[in-house]
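A.B. asks: Checked TrEMBL, it gives:
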- 59-91: repeat 'ANK' (REPEAT)
- 92-124: repeat 'ANK' (REPEAT)
- 159-183: repeat 'ANK' (REPEAT)
- 268-288: transmembrane segment (TRANSMEM)
- 294-312: transmembrane segment (TRANSMEM)
- 324-347: transmembrane segment (TRANSMEM)
- 359-379: transmembrane segment (TRANSMEM)
- 414-538: domain 'Palmitoyltransferase DHHC' (DOMAIN)
- 458-480: transmembrane segment (TRANSMEM)
- 500-521: transmembrane segment (TRANSMEM)
Amino acid sequence: MASPTNMFAPFASNVNKNSVGVNFLTTKVVDAIQNNWVYEQIVQVIQAQPDGINEKGWHGFTALHRAALRGDPAIIALLLEHGADVNLINDYGETPLMYACKRGNPQNVDLFLEAGSNLDTEDHQGRKPVHHAAAGGSVHTLHYLEQVHGITFDERDKHGQTPLHVTCYQGFQDAVKYLLRKGRSDVKLPDSHGNLPIHIACLNALSETCWTLLEIGSCQTLLIKNKEGKTALDVLREGRGMSHQYLFKEMDYWAHSKAPHLPPKGPLLSWYTLLLGPFVYFALIIAVGSQLRQYGGVFMAVFTAVLVFLVSNQQHRISHISRWANPVQAGAFFAGISHTAICYFYKVLPVLWPETVNLSLLILIPLAFIMVTLYYRLITGDPGTCKTSQRHSQDGSVLTIKDIVKGRCKIDIFCVHCEIIRPAGTKHCRLCHRCVSNLDHHCLFIVNCVGERNHRSFIIFLCVTSLAHLVFIFHSYLFLTSLYPDADLWPLLVQTFYDQTWVLILCFLNTYTVIWEMFLIQYQLQYISRGLTTAYDISRRNPNYAQIMEVSFHDRLRNIKNFLLGRRTKSAFELRKSRIV
């Protein structure tokens, strides 16, 4: 169980602890905390000046204000133990609780509330602690306030702004999505000046925030006017930055789309172009190259190399404000398989049939069926989406955000996107937007995650695909040698480069792919044999490297066997624990 003082790293631990020249009798408690004195020094200041615990400094800040802003729960607990007043306000009407909310540490917020802080207190701007939590962008704090204290997010300040308005000023994307999820906030609710949240996001040219607001609302929100008669598009048009002008072009397109009452559909044209582009472009390369006669080989080789270079240098996300996952690697994989199949059945098989490959087809056809079936399942199947929180190891109860603030589990296992306490081995994929049990990785070639429910299928698919590549390479070699039976290897390559470029290029691509797949299979089995997934770091940089690698050869073989049979594998720690028991 994590203790309150080590669950969040104390910010004072990195400060010089040398007390030489420090006067504990003349230094105020609030100044000691503001100047980042360490815990031991602050204790001595309090002991020397017990009556100065609530003394104010600049702008009416008390020691608790400074401690809340500093974010160290140990110092906050120390001040509370010595009678610090949690409801004193500074010159701006702000309580220490508001700064704890803004700092984004839910454990500190819980300390203040248990000490008697008031969640309904307003500062001079009419903002409550929930507004300050939104200003800090901490989903943990917002979720704690909602789940434990029943706070709603329709509170307005003196300017009529809700927490969503406040969050949109900063563009805290996770907080914006949290406030919009499950209908917590109204995306069309204006403030006292008539500004919607999207007006504020456009003011600062926060493209990702604007897109999120449109996805939850509709494109029509871009055309709603505030009390000055300005739409969100007008705000962008008047912006002087390059980001304003870029965002204006994108938003203007969606505002005047054919269905402005609906959310934007996204960059569908770009997505399908990237998905189908490798297949279409390679087909064009082959079609054009076949018409160029003696120059066709050079043309196909050069432009195929360019295509491979362009695909391999693509980012994981499309260059668009929606930040959709880039499907180009999946398109390249599909293009490679489909072009290989077309070339095999159109060029290679007719030459070798029936003398050479009649028996091979008895193996190849079932192999192709298995490969296509697994490919479809990997693309469309659920990798093991996790929708429920981890359970307590003792009583079996579901863990909540309250267990985090009480130190019963770590804060970093709370998923701010799925709003669950992630069980062991569960990780969140930002490309798939979900938590996956025993996540191995997100595979760009199948546009899906590899996790608990499809990891075995993924490994089998790699093996079957590698075998199919080898069959094509072998039959292509037989095809070429049957066309040029008397040629040695180098003359054969030169001759086929000009006459059979399509087959030769696919042979090289398949050879490269099968080598890559073999390394990938070996890499996967290295983790599987130790009861782990590739989401874990087993490099020598890991402080637990020696313990992780301490798995016998027999246990590694057993793990691989259990994995292929669909049974649970065991890590080195689990094996050691079972032997002790």
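Every residue gets a Cβ built from N, Cα and C, even glycine.
Unlike curated records, TrEMBL annotations are generated automatically.
Context for these features, please: burial, neighbours, distances.
C.D. replies: For the repeat 'ANK' (59-91), the number of residues in each DSSP class (helix H, G, I; strand E, B; coil) is 19 helix, 0 strand, 14 coil.
The average pLDDT computed for the repeat 'ANK' (92-124) is 93.
Panel annotation: around the repeat 'ANK' (159-183), residues 125-127, 130-131, 133-139, 142-143, 153, 189-193, 195, 197-198, 200-201, 204, 206, 208-209, 212-213, 216, 416-417, 419 of the same chain, lying at least six beyond its termini, place a Cβ under 8 Å from a Cβ of the stretch.
Only residues 6 or more beyond the boundaries of the transmembrane segment (268-288), in the same chain, are considered here, and those with a CB under 8 A from a CB of the stretch are 299-300, 303-304, 307, 311, 314, 318, 320, 324, 326-328, 330-332, 334-336, 338-339, 502.
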A.B. asks: Give residue numbers and ranges for long-range contacts of the transmembrane segment (500-521): same chain, 6 or more residues beyond its ends, CB-CB under 8 A.
C.D. replies: 286, 289-290, 296-297, 300-301, 304, 308, 336, 339-340, 343, 347-348, 459, 462-463, 465-466, 469-470, 472-473, 476-477, 479-480, 483, 493
A.B. asks: For the domain 'Palmitoyltransferase DHHC' (414-538), jot down how many residues DSSP puts in helix, in strand and in coil.
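C.D. replies: Across the domain 'Palmitoyltransferase DHHC' (414-538), the residues distribute as 68 helix, 16 strand, 41 coil.
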